[in-house]
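Asks: One structure is given below, represented as structure tokens, and several questions about it will come after.
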Amino acid sequence: MNTQAILVLDFGSQYSQLIARRIREIGVYTKVIPYYTPLKEIKNMNISGIILSGSPASVYSKEAPTLNMEIFNLKIPILGICYGMQIIVKLFGGLVSKDSKQEYGSSEIFLRDEKSLLFSELPNKFQIIMSHGDSIEKIPDNFKQLAFTKNCIASISNETQKIYGLQFHPEVTHSEFGDQIIKNFVFKICQAQINWSLEGNLETIVKKIKLKVGSKKVILGLSGGTDSLVCALLIKKAINENLICVFVNTGLLRKNEDKKILELKHQYDLNIKYIDASTKFLNRLKNISDPEEKRKIIGKEFVDVFEKITLEDQNIEYLAQGTIYSDVIESKSKDSSSSKIKSHHNVGGLPDKMSLKLLEPLNEFFKDEIIQIGINLGIKKESLYRHPFPGPGLAIRIIGEVTQEKINILQEADNILTEELFINDLYYQIRQAFVVLLPVKSVGVMGDQRTYEYTAVIRCVNTQDFMTAEWTELPYSFLKKVSSRIINEVRGINRVCYDISSKPPSTIEWE
């Protein structure tokens, strides 16, 4: 594919793919590649602009990712974001001060040069999101300061060479006018053309699946979630009956999940094979408390189940997964400069060696794009807007060791939360809601009897893309009702808490 693109050089930021998403939203094709990609390869690409991403690293670290200076001689507009700006300053002879003026969260920015194309059509002050430990102390020669906060230089430019820097993150939804800044860079500075659409990409994906798979068969673990269902219908569109959907009952599912999954067979004419492996999964998780170990065990068990199926049908060659962009980002290892948050069983929990080839047709799309694809595929609202459920299931919502008793307790508590959300017309107003069971017991009193039982935590968030999220401010009356029902109806819980943590710094799931 030689479509002209905006190129994002990834220095390991968790937001690198989010930058790409923002640009694709305005109709411009975007590619994300590692910062260490050889300059020769970059020269051979058809690109109209380059963005240097942020990074968890410090420019002063011995292992800090750096950049070939020759990239600035390509006469292509360049925008550095956060670490990207700091590396520009360092390479051009400016001064970056280590840990001098850290800023995290919301800050007010003031424009010094309102004539710059980067800040065209913007007010002279607005709120932005900062996330940096190092700061610019001295800008390089031939650069000028475009904007500042009370604590740091917020933006610089070399207008002649079309090199720009931002200390803040315009790609994050909570940065005011971030979309406009990105548009200004893409259209006014890079002169990029609109050349990307979701519909066009869908046609391309279907063709790629047909070409890659050929006459071979594909198996897909169907979880009932949006991602796996969209993935299934997309692959079915490409290879029809050669898709075999496998529903593995791990015993770690939501209440009555097996019935809901099997209903999909008739709704969407899917070939679904049901396998009850609940005893095996639970036995393998015995005495395991570490969340990473739980994820990897579950990932391996899934593959074992699928590989046994392939022994029955030698024409099965591919294992399909509904892996999406945010899964990939959060599972990046430190080897690629990105701080690892957690491994997803979709990408980080699979064994290195397996006989099946991997097929991940959705791994370049964000959650809201997946939903749009689902709409185009005719998926019903109750399936399409169902709250996400992790591949490892309740194993990562039970903190610590997983037991059958804890699974039963959590299934009932989580079901009560879901019921009340529907009763109060709140379910579709929240992007994700679930209950976490803590390995913490506390004293309570019920009917003049002393109790010593588990603590449950309600987690509800709103988000556009699952890269950042805000906790949902639910009515106290609703929380009171849910808490009362859980404590009175679920044996084993005598205390309910509400999680009011946003992402970042917290992740949505607890493990």
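Quick reminder: no glycine exception, Cβ is built from N, Cα and C everywhere.
Okay, these came from Swiss-Prot:
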DOMAIN    5-195  domain 'Glutamine amidotransferase type-1'
ACT_SITE  Cys82  active site, nucleophile
ACT_SITE  His169  active site
ACT_SITE  Glu171  active site
DOMAIN    196-386  domain 'GMPS ATP-PPase'
BINDING   Ser223, Gly224, Gly225, Thr226, Asp227, Ser228, Leu229  ATP binding site
Asks: Residues with Cβ closer than 8 Å to the Cβ of Ser228 (ATP binding site), same chain and 6+ apart in sequence?
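Replies: Residues satisfying the criterion: Leu220, Gly221, Leu222, Gln321, Gly322.
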Asks: Measuring Cα to Cα, how many Å separate Ser223 (ATP binding site) from Cys82 (active site, nucleophile)?
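Replies: If we compare the Cα positions of Ser223 (ATP binding site) and Cys82 (active site, nucleophile), the gap is 38 Å.
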Asks: To the nearest whole angstrom, state the Cα distance for the pair Cys82 (active site, nucleophile) and Thr226 (ATP binding site).
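Replies: Cys82 (active site, nucleophile) and Thr226 (ATP binding site) have their Cα atoms 33 Å apart.
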Asks: Drop a 10 Å sphere on every Cβ of the recorded positions Cys82, Leu229 and tell me which sphere holds the fewest other Cβ atoms.
Replies: Cys82
Asks: Among the recorded positions listed here, Glu171, Asp227, which has the most company in the form of other Cβ atoms within 10 Å of its Cβ?
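Replies: For the recorded positions Glu171, Asp227, the Cβ with the most other Cβ atoms within 10 Å is Glu171.
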Asks: Whole-number Å distance between the CA of Gly225 (ATP binding site) and the CA of Glu171 (active site)?
Replies: 27
Asks: Measuring Cα to Cα, tell me the gap between Glu171 (active site) and Asp227 (ATP binding site) in whole angstrom.
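Replies: With distance taken Cα to Cα, Asp227 (ATP binding site) is 24 Å from Glu171 (active site).
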Asks: Looking only at DSSP and grouping its letters into three states, which state does Ser228 (ATP binding site) belong to?
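Replies: The residue in question, Ser228 (ATP binding site), is helix (DSSP, three-state).
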Asks: Hey, for the ATP site built from Ser223, Gly224, Gly225, Thr226, Asp227, Ser228, Leu229, who else sits with CB inside 8 A of the CB center?
Replies: Leu222, Val230, Cys231, Gly322, Arg386, Phe389
Asks: What does DSSP assign Ser223 (ATP binding site), in three states?
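Replies: The residue in question, Ser223 (ATP binding site), is coil (DSSP, three-state).
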